[in-house]
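> This is the structure, below, for whatever I ask next.
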Amino acid sequence: MTQRDHGPASPSTPRFRHRRRSTESFPDVRKLSGSYLLVDDENKYRSMRIRTASTFWMLISILFILYMGHLYICAMVVVIQIFMTGELFSLSRRVNEERQLPGFRLLNWHFFFTAMLHVYGRILSQHLVKTVTSERAFYKLVNKLVKYQMVICYFLYIAGVVCFILTLKKKMYKYQFGQYAWTHMILITVFMQSSFTVANIFEGIFWFLLPASLIAINDIAAYLFGFFFGRTPLIKLSPKKTWEGFIGASVATVTSAFLLANIMGRFQWLTCPRKDLSTGWLECEPGPLFKPDYYSLSGLLPEWFPWKEISILPVQWHALCLGLFASMIAPFGGFFASGFKRAFKIKDFGASIPGHGGFTDRMDCQMVMAIFAYIYYQSFIASQDNPVEMILDQIVRHLSFEEQNALYLKLSQIFEERQFITSLSR
């Protein structure tokens, strides 16, 4: 048995293993413990410059849209809602599961646009009918759509449920039902709340602009006070928030509410309600809330003082309530969002706005404020003792053109009979 000669054994060459460098960045222990403050941030000035530039451009854009009018403001709100919904849909998305479920993401958007049709259909139906009264055929079509809007939305929703059931896939049930629940949670907690903003807009831009401005002022003031003076942590969910920022922002917000209400309340473009969906310039008689009351200062100040009286709009007292809510309660919407982001281990909901994160990061407190402003307006400001207006709105919403004409003729006949009886009794 022959052995094959393999030649002399070569000396073994040593192998050097290069340890791969870790790309993982270890977070600051202070950030995890909740003791990290903005005043100690080394990059705070760079962050402040980026945030200031973004805020400036957002302010210019919003002022232009405000000048364009109610309809354009509503369009802005809808666009923001779409961006927010997209950001939140992305949080629970899993790429591998999505590949096995083609078209499943479209189903989530189907539920979103069905909810949009339902909510905005109910809010804007009266304004839409009043806009198309000039064309009879178009009026009939719009009136039918308004009348059966709830039925249309219901069957659209049922169609979505049926499609969801038909797309259920084995081993994917948990993910699909999780996405179904996630979609409805977004619609309830985000879309429904922010939709009240549109209802506020048509009551007068004032009731949209003042609450939104107070949230922005509170956010900026909290940032600045925390930037320069913040030393005492406020809440662990949001480590950069401080008591100094919270208290300073509260004082600044309430003061700004009282002053801004006086300034905004003197512009008819902001105070006049919009009854239709047109974009023309508005002129109206100022309501009692926007007619100034004069208070004498005699006896309170020295005689050489130039001001003898001050004028205060009644709406300024209501603005104090809005300011208190914006400074004391609305920030908890931001704390809720902070906890939400910690649960998903993300810094921001998106990166649409440099220095601010995503649209959801900017709108967390605005949603809480929008629904409070709507409830406050409907409870304490809107006229509750004008049944004629309520009846006319019901007539316009629920009666066709022919039915309204028949009602007009019937009322005319009743008035003529009463006038005839009155003349005979004389």
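Every residue gets a Cβ built from N, Cα and C, even glycine.
Please treat TrEMBL annotations as automatic predictions, because they have not gone through curation.
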> Which stretch does TrEMBL mark as transmembrane segment, out of 100-119, 180-199?
180-199
> So, taking each listed stretch (56-85, 145-168, 180-199, 315-337) in turn and counting its Cβ pairs to the transmembrane segment (205-230) that are under 8 angstroms, which one gives the highest count?
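Top-ranked stretch among 56-85, 145-168, 180-199, 315-337: 315-337.
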> Applying the under-8 angstroms CB criterion, which one of 56-85, 145-168, 242-264, 315-337 scores highest with the transmembrane segment (180-199)?
56-85
> Counting only residues 6 or more past its boundaries, what in the same chain has a CB within less than 8 Å of a CB in the transmembrane segment (145-168)?
101, 103-104, 107, 110-111, 114, 117-118, 121-122, 125, 128-129, 176, 180, 397-398
> What residues elsewhere in the chain lie close to the transmembrane segment (242-264), defined as a C-beta under 8 angstroms and at least 6 residues from its ends?
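Answer is 37-38, 206, 209-210, 213-214, 217-219, 221-227, 229-234, 270-271, 312-313, 315-316, 318-320, 322-324, 326-328, 331.
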